[in-house]
Amino acid sequence: MTMSARSLSRTLVSMLAFTMQLQQLADACSCAPYHPQDAFCNSDIVIRAKVVGKKLLKDSSYSTMRYTVKQMKMYKGFDKVQYVQHIYTHASESLCGVKFEMNKHQYLITGRVYDGKIYTGLCNFNEKWDQLSQSQKKGFSHRYQQGCNCRIKTCHSLPCFVTSKSECLWTDMISHFEAPGFQSRHYACVRKKEGYCSWYRGVSSYNKTMSNATDP
């Protein structure tokens with residue numbers, strides 16, 4: 001191989017490596033913001049658990065991390081499984097794989113069931129239990145379930161409006177540039193006796209100046 005041929009070969013290899021790096025960046029995990037109530041309502045499984053073990057599995061094109069969990073409480077999924085022992089996720093964060101710390105925290109974990117296995121990722125709601133607000137804990141315990149027949153409508157810029165009595169206007173994207181915002185941490189969208197859906201915070205901390213039929 002001549003000097004020019006070797007130089008051309010190195011250049012092509014460098015370009016290929018650079019292209020692969022760009023592709024990896026382009027394929028990085030990207031998730032749309034969502035209210036935790038939507039995370040509850042759209043998940044098959046919602047549990048509180050402690051992660052006690054992990055194992056890297058390489059049985060497919062992509063590596064999978066299998067976490068062993070000790071389930072503390074199940075909030076949703078009784079019709080899918082009786083007890084959760086393993087949670088599966090991509091091993092790579094660029095493929096939306098989630099990282100759990102072992103033997104340190106209790107986590108609120110949401111996921112979907114495929115072929116009898118429970119999968120989760122960065123686009124699912126997974127948070128340390130002690131970092132949730134009291135309203136979020138109550139939401140996952142019972143309140144979010146009451147609002148699964150309502151729709152949370154995201155407002156990205158003003159003006160924005162509800163278009164049906166089943167909608168609650170979610171304005172955290174405007175008032176809070178970093179998640180979670182105030183509505184995410186303190187409100188649930190539930191259907192009132194009158195038939196329309198409205199933000200609800202709870203009797204003990206209800207504030208009439210911050211709540212109406214569409215928006216706190």
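Using the three backbone atoms N, Cα and C, a Cβ is placed for every residue, glycine included.
On its own chain, Cys29 (Zn(2+) binding site) has Glu93, Ser94, Leu95, Cys96, Gly121, Leu122, Cys123 as residues at least 6 apart in sequence with a Cβ closer than 8 Å to its own Cβ. The annotation Zn(2+) binding site is assigned in TrEMBL to Cys29.
Here the Cβ of Cys96 (disulfide bond) has 17 other Cβ atoms within 10 Å, regardless of which shown protein chain they belong to. Residues or ranges marked as disulfide bond by TrEMBL: Cys29-Cys96 (among others).
Over all protein chains present, the Cβ of Cys31 (disulfide bond) has 10 other Cβ atoms lying within 10 Å. Here TrEMBL flags Cys31-Cys123 (among others) as disulfide bond.
For Cys41-Cys148 (among others), the entry in TrEMBL reads disulfide bond. In the structure as shown, the Cβ atom of Cys41 (disulfide bond) sits within 10 Å of 19 other Cβ atoms.
Here TrEMBL flags Cys150-Cys197 (among others) as disulfide bond. Counting every protein chain shown, the Cβ of Cys150 (disulfide bond) has 23 other Cβ atoms within 10 Å.
Cys155 (disulfide bond) counts 17 other C-beta atoms within 10 Å of its own C-beta, drawing on all protein chains shown. Sequence annotations record features per position, and here TrEMBL assigns disulfide bond to Cys155-Cys160 (among others).
Positions annotated as disulfide bond by TrEMBL: Cys168-Cys189 (among others). Counting every protein chain shown, the Cβ of Cys168 (disulfide bond) has 28 other Cβ atoms within 10 Å.
Under the heading domain 'NTR', TrEMBL lists 29-148. DSSP labels the residues of the domain 'NTR' (29-148) in these numbers: 25 helix, 46 strand, 49 coil.
For 1-28, the entry in TrEMBL reads signal peptide.
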- Closest of the disulfide-bonded residues to Cys41 (disulfide bond), Cα to Cα, picking from Cys31, Cys150, Cys160, Cys168, Cys197? Cys150
- Message: Can you tell me which of the disulfide-bonded residues Cys31, Cys168, Cys189, Cys197 is spatially closest to Cys155 (disulfide bond)? Compare CA atoms only.
- Response: Cys168
- Query: What mean pLDDT score does the domain 'NTR' (29-148) have in the model?
  - Reply: 95
- Message: Can you check which residue among the disulfide-bonded residues Cys123, Cys160, Cys189, Cys197 has the largest number of Cβ atoms within 10 Å of its own?
- Response: Cys189
